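As recorded in TrEMBL:
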DOMAIN    A:13-127  domain 'Response regulatory'
MOD_RES   A:63  4-aspartylphosphate
COILED    A:123-157  coiled coil
DOMAIN    A:133-194  domain 'ANTAR'
C-alpha cells in the first residue's frame, strides 16, 4: 500500500549528484522497478543550477559532504529559485544525529545506507513532506497577507473617521464605494488613502 | 561539583586563508597548552558545518559572521541557539571579474586595463549591464558562497552604491569556493565575491581581475567567528575559556609579518588548503593581486586577525551583531520583526570573551 496516493502514479524525477560511482549504482538499483527515475550527475559543480533548471527534478539526492550542498540550500534561501526537497547521504554513524537537525529544518532528509529498502520509503516521505511544507507555507503567506490587508483597511478607516469626522460605518462605506467605482480592491484603496492623507499632513 | 568539561574537541573549519587562527593554534600547540586535545575537521559546505555543529558532531566551528544570527532565526536550516564568543577574522574577501567582462568594461569606457580606477566602482558596470539588455543578452551573473554571508552583503553593498540592485539587475547565485574559478573560466558567472585564496587563484591563472576588496567596501567588520552552541558553552564553561585563550594567542601571533609567511606555508599543505604558496601568501602579507598584467595593490589590512587599532582585539562586540542584522534587513533576508526578535548581546557574547581573558590576566599575575 502506498500512503501517498496523490503522488503514487506519477514518475518522479531524481537528480542524483554523487562522485562515488559504486554508491550511485547501488542507489539506482535500489530504485529499480519503482516510480523513481534517476539521472546521475558526477561533479556537477558549475552546472548544477542549469541541470536543475532543465531537468526540473522532483527530488535531489546528494552527499552531505559535497560542496554543492550550499548551492542546493540556496534554492530555498534565495528568492529567485524554486525550493526542492533534498535527500542527503551521510556516514551511518552520523545519520541519526544529523537527521534530528535537518528534519526540523526545511525539507531535507538523511539516509545512511543506500542499499536498504529504507531508501524508497525515505524518498516517499521526503516528497510528501515537502508538498505538505509548501502547502503550509502558501497558507501562511495567504494568512499573513490577509492580516496585513485588514490592518491597512482598519488604519485608513480610523484616519477617515479622525480627519473627516466620519462614523465607522460611513468611513467603511466610503472606502467600499471608492473600491467599487475604481474597480480596485479595498486594500488598494486603503493604502492610496493612507498615503494621500499622510502626504497632506506633512504639507500642512 | 561541576561535571568535567570536555577536553577532546572536534572543530570544523573550511579550507580558506582566514582559517589561519584555528590552524595556527593547533600547529603551534596553543590548544595543547590550554589542556585541549583538538582535531580540526575540514568541511566542504557551510550548511553541513552548521548542521553538524547544531547536533554536536562538531564541538565548535569557524563560521561566517552572520551564521550564528541566521541559526538563531532558523534561516535556511534548523533554528538553534548558536553563539559566538570570539571573532576569528576581519576583512579577507574580494570581488573578482572575469576576463571577458573586464575586456567589455575597458572597451565600453575606452580605457586601457592599466587606467581602470581601483578599487573599481560598480558604477562602471552599469554601462555593460545596459548594453547587454539592449542586445538581448543574458543578465550579468555573480556568485557568492552562501546566502547569509558577508560576501553576499558586500556584493549587494558594492552594487547598491552604484544604484544597481542585486537580484534583479544583476543575478546572484551560490557556488562553493572551490567551483568559483572554474565558473569564471566557463562563463557560468561574470564575477564573484569570495575569500582567499580564490581571488588570487583566478588572477594567477589569468582568468580575472580583482576589482575591489571587502576592506574597500566595509573595512574592519568581522568576517569569520568561532561558533558554538549555547548549551555546549553552558556544559563546558572552562573549555570555552580555554578555546578563547588559545585562539587569542594564535591571533596575536599572526600580528607579526614574518609569522604571516610561516602561516601561509602551513596553510598550503594538503591537510589544510591544499593550495600553492603563491596564492595563499599574498593576502596574508597585505598584497592584493589585481590582474596578471598589473601590479598588486597594497592592502595591509586585507586579512586581519585582530580588530583595527593599536590594541587590536577579538571581542565579539554586540555592535557587530547589530551591523550584520542591519545588512540582513537591507538585503531582504529578514523582516524588521525578526530583527527585533534577536538580542545581539545574547549572540555576540562579549561577556564570555572578557571573562576568559580576565582569567588569563589573573594567571599571569
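Please read every residue number as a count from 1 along the shown chain.
Any Cβ shown, glycine's included, is placed from N, Cα and C.
Remember, TrEMBL labels are computer predictions, not curated facts.
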My understanding is the cutoff is Cβ-Cβ under 8 Å with a sequence separation of 6 or more in the same chain; which residues meet that for residue A:63 (4-aspartylphosphate)?
A:17, A:18, A:19, A:20, A:69, A:88, A:89, A:90
Which of the three DSSP-derived classes (helix, strand, coil) applies to residue A:63 (4-aspartylphosphate)?
strand
Using DSSP, what's the helix, strand and coil tally for the domain 'ANTAR' (A:133-194)?
55 helix, 0 strand, 7 coil
On the 0 to 100 scale, where does the mean pLDDT of the domain 'Response regulatory' (A:13-127) fall?
79
